[in-house]
Amino acid sequence: MIQITLPDNSRREFPGPVSVAEVAQSIGPGLAKMTVAGKVDGKLVDASDVIDHDARLQIITPRDDEGLEIIRHSTAHLVGHAVKQLYPTAKMVIGPVIEEGFYYDISYERPFTPEDMAAIEARMRELIAQDYDVVKKMTPRAEVIEVFKSRGEDYKLRLVEDMPDEQAMGLYYHQEYVDMCRGPHVPNTRFLKVFKLTKLAGAYWRGDAKNEQLQRIYGTAWADKKQLDQYIQRIEEAEKRDHRKLGKELDLFHIDEVAPGVVFWHPKGWALWQAVEQYMRGIYRDTGYWEVKGPQILDKSLWEKTGHWQNYRDNMFTTESEKREYALKPMNCPGHVLIFKSDLRSYRDLPLRYGEFGQCHRNEPSGALHGIMRVRGFTQDDGHIFCTEDQILEECVAYTAQLQKVYADFGFTEILYKVATRPDNRVGSDELWDKAEHAVMEALRRSGVDFIISPGDGAFYGPKIEYTLKDALGRQWQCGTMQVDFNTAERLGGEYVTETSGRAHPVMLHRAIVGSLERFIGMLIEHHAGALPAWLAPVQVAVLNISEGQADYAASVAKTLQNQGLRVQLDLHNEKITYKIRKHSLQKLPYILVVGDKEREAGAVAVRARGNQDLGAMSLESFVQRLVQDVADKR
């Protein structure tokens, strides 16, 4: 007898080996119809897989996260089925599940077009309507090779070569189409009805730009239509908020092909940059950091000492002068150690906190570049704290408080916290790691926040805290970090005089709150949909005259506002006032002031707030107080 224990601890007995689907059928026909797969003793298996021993079983349905992932993976296979029917000479490569969807990489003689994508989606729906079973066959390695060789699937053969130890592999048959996968997959195409192909892109075999280019078809799949509709709505909203689109519409920045991955900031974009940088400079000042500035080009000997030259050189921009090799710095840490060791330091000097708006360069692949979010040249709010082991806890508590204030001021209210602990390969004693891990976790506990632990994900030189933001669309952005480092200061000869007149290497805490300013500004643009709060807005108020007779008064209003340190745009163009109001409203300005004869004579302004709110007439003094208060309150 085979005894199956279900999640509620009830048991069912069967006279012999039994499939997951048969167990589901014994429970009820409704569950059987919903069965996507099973989890046997914690391992996912196909619904057709047979259980031949006493086991715990969970039936997986589309309502389970695992079920949804299986549906997405099977929909990727369905893409392959449709593509091979429509384009028989196409070579299928790989089709994994990604967050909220899937993609399939395909080798074909020409790029796919939007019309091709529509045809593929239509064929997929025709295949789903046939309601066919997906058949799994565990197949000996030699036979797998013959199957793909006979079909001319060169990439599948290369993938088989990558798995020399696999003597049998799962082949999944969609009618005449066959694909290779560890599985599990859905038992029938009826589970695949709620899907949509979303976009086309280029890709490279094995993600290497030196290899052949492939076509990538992206898609999404869900358990029900409501979920799909919500997803499409989120994507459409994300497209409206795309920082690349808004950056152009609001005249903030552009990226030119002469400088891929490096940003050209326009006047309004640079005003936004300055608002962020000056705010962060104030944070440095208020929390005991000394602002420093290091060189951008450093000799290769330094990078050899840090290990970057040996392990990171492909990601660095290098140059040569007078028979010496140099690199543009990809990070600021070594420079801060050199500043630290430029003088004899005492334990009384610790903790010593340096902060820099350090410009870094990394040679990112061109295919990975994305607007100002993923660039080659970027500036970080990079800070390093040199301290003793006993000071780690207090510094982490103080840093977390800083970070929470900064994120709240920028409009982010939800933060996720993660602690990455010691990996197998590491420097430092277990006692030192115990102390450091306790310090970073206790710092978060004292901050009153929940956190998750990611075992083994710390760097070899110390544990770290990762701070992840959620934006207005619920997307997650890993921004802040607090990285404990037992290694770099020692490696570069940084030391201080101890209380007993000995010498010791300081612990180095790497910290960034916004990280890359370029990326953070991209996040701000998308989070606020371009309608930045008044304190950040590149132009906080526009002053418009109705006719030429109020030009001088409008100019004096603008001057008064500028004298208060406000960012003002004066528009004296000879255009209809309705046109001028619309023009500046589309720029998402916090305020528009209109002045006509009535306002001029009263020394007043007619105020319109963002969102087409007519606040009526008020004295210029009252408006100045209002806007200055908005800025002070970070509104």
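Each residue, glycine too, has its Cβ placed from N, Cα and C.
On a predicted model such as this, the values are computed, not experimentally measured, just so you know.
In Swiss-Prot this protein carries:
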{"type": "DOMAIN", "residues": "1-61", "note": "domain 'TGS'"}
{"type": "REGION", "residues": "242-533", "note": "region 'Catalytic'"}
{"type": "BINDING", "residues": "Cys333, His384, His510", "note": "Zn(2+) binding site"}
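Neighbour counts were taken at the CB atom with a 10 A radius for the binding-site residues His384, His510; the maximum falls on His384.
In sequence order, Met331, Asn332, His336, Val337, Asp382, Gly383, Gln483, Asp485, Thr488, Met508, Leu509, Arg511 are the residues of the same chain, not among Cys333, His384, His510, whose CB sits within 8 A of the CB centroid for the Zn(2+) site.
DSSP labels the residues of the domain 'TGS' (1-61) in these numbers: 14 helix, 26 strand, 21 coil.
His384 (Zn(2+) binding site) falls within a strand when secondary structure is assigned with DSSP. Secondary structure at Cys333 (Zn(2+) binding site), as computed by DSSP, is helix. Mean pLDDT for the region 'Catalytic' (242-533) in the predicted structure: 94.
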